[in-house]
């Protein structure tokens, strides 16, 4: 992308920044360094394989990649609702509004104000201001409370022309970051099912914690040891959350058609699993396994995993 040269980012500072960001992601089942890298990778692929890069400026592309990498930095492994229901310090600090997203954005800029990790140290004041605005907007867009507003906005959007305002640019960056954050289920199935196991385990742990504290737990966090039940939840998640988003993404960005196709393929595999498997699941993530492999996202591959388990492709 030539961004390091364009913004005169010293390699040693970039290395220090990346290593520090990595160190601040905890080893949660889902919200970890691998998820951060996956979101950044998909954001990059979104730019490369669609017209989106024609609609934003280079400084905004840099902001997008940093936001994607840092969007869950120092994530505690539970949801905003947990923070709010426990009246946590973060919930009080951010007034129950996009609690974790505000925290991630704030943490990112604390790193960027530290000389040894300030990759923007050679950027002019105007670009620095735009980087901050774009990064904050992109990270805040990952709040799932914004999901259906984003879908509604996309349904009323036509990207045939360059967004006229800077606000329009930031909204597009937010769409890309949000879509990339949810991209696990448009990956080949052997990757999609790993992400499903990981988020299910994180939800299971949160539910246990909530019960111990005597606070309500979301219904979708219950009974996650049952693989058939989890598969049904995943089908609902695809139908009611992902499909409204991807309906608009594939219309506006035809270069991502393969992602939409994989989403439907994965849905059918989860339907099959929901109808054929019942009882405690040996697949629910408890740590590393021989299938716990996150390979680079095979964007242009014409081979999709059409078997239920995807084992052949994971080995």
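The backbone N, Cα and C atoms fix where each Cβ goes, glycine too.
Summarising the annotation, TrEMBL assigns domain 'PDEase' to 1-277. Residues annotated as AMP binding site in TrEMBL: 31, 32, 33, 34, 35, 72, 181, 234. Per TrEMBL, the feature active site, proton donor maps to 31. What TrEMBL lists as Zn(2+) 1 binding site is 35, 71, 72, 181. Taken from TrEMBL, the feature Zn(2+) 2 binding site covers 72. Annotated region 'Disordered' per TrEMBL: 294-315, in sequence order.
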Legend entry - All-chain count of other Cβ atoms within 10 Å of residue 234 (AMP binding site): 24
Inset, instruction - Rounded to the nearest Å, what's the C-alpha distance separating residue 32 (AMP binding site) and residue 71 (Zn(2+) 1 binding site)? Just drop the number here, would you? - result: 11
Legend entry - C-beta crowding around residue 32 (AMP binding site), within 10 angstroms: 19
Inset, instruction - For residue 181 (AMP binding site) and residue 71 (Zn(2+) 1 binding site), determine the Cα separation and express it in whole Å. - result: 9
Inset, instruction - Would you mind ranking the binding-site residues 31, 34, 35, 71 by how many other Cβ atoms sit within 10 Å of each Cβ and giving me the lowest? - result: 34
Inset, instruction - Write down the Cα-Cα distance for residue 71 (Zn(2+) 1 binding site) and residue 35 (AMP binding site), rounded and given in Å. - result: 10
Inset, instruction - Determine the Cβ neighbour count for residue 33 (AMP binding site): the number of other Cβ atoms within 10 Å of its Cβ. - result: 18
Inset, instruction - Within the same chain, and leaving aside 35, 71, 72, 181, name every residue whose CB is within 8 angstroms of the centroid of the CB atoms belonging to the recorded Zn(2+) 1 site, in sequence order. - result: 31, 36, 39, 68, 75, 142
Inset, instruction - List the Cα distance (Å, whole number) between residue 31 (AMP binding site) and residue 71 (Zn(2+) 1 binding site). - result: 10
Inset, instruction - Pick the one among the binding-site residues 72, 181 whose Cβ has the fewest other Cβ atoms within 10 Å in this structure. - result: 181
Legend entry - Largest inter-residue Cα distance among 31, 32, 33, 34, 35, 72, 181, 234 [record-listed AMP binders, Å]: 23
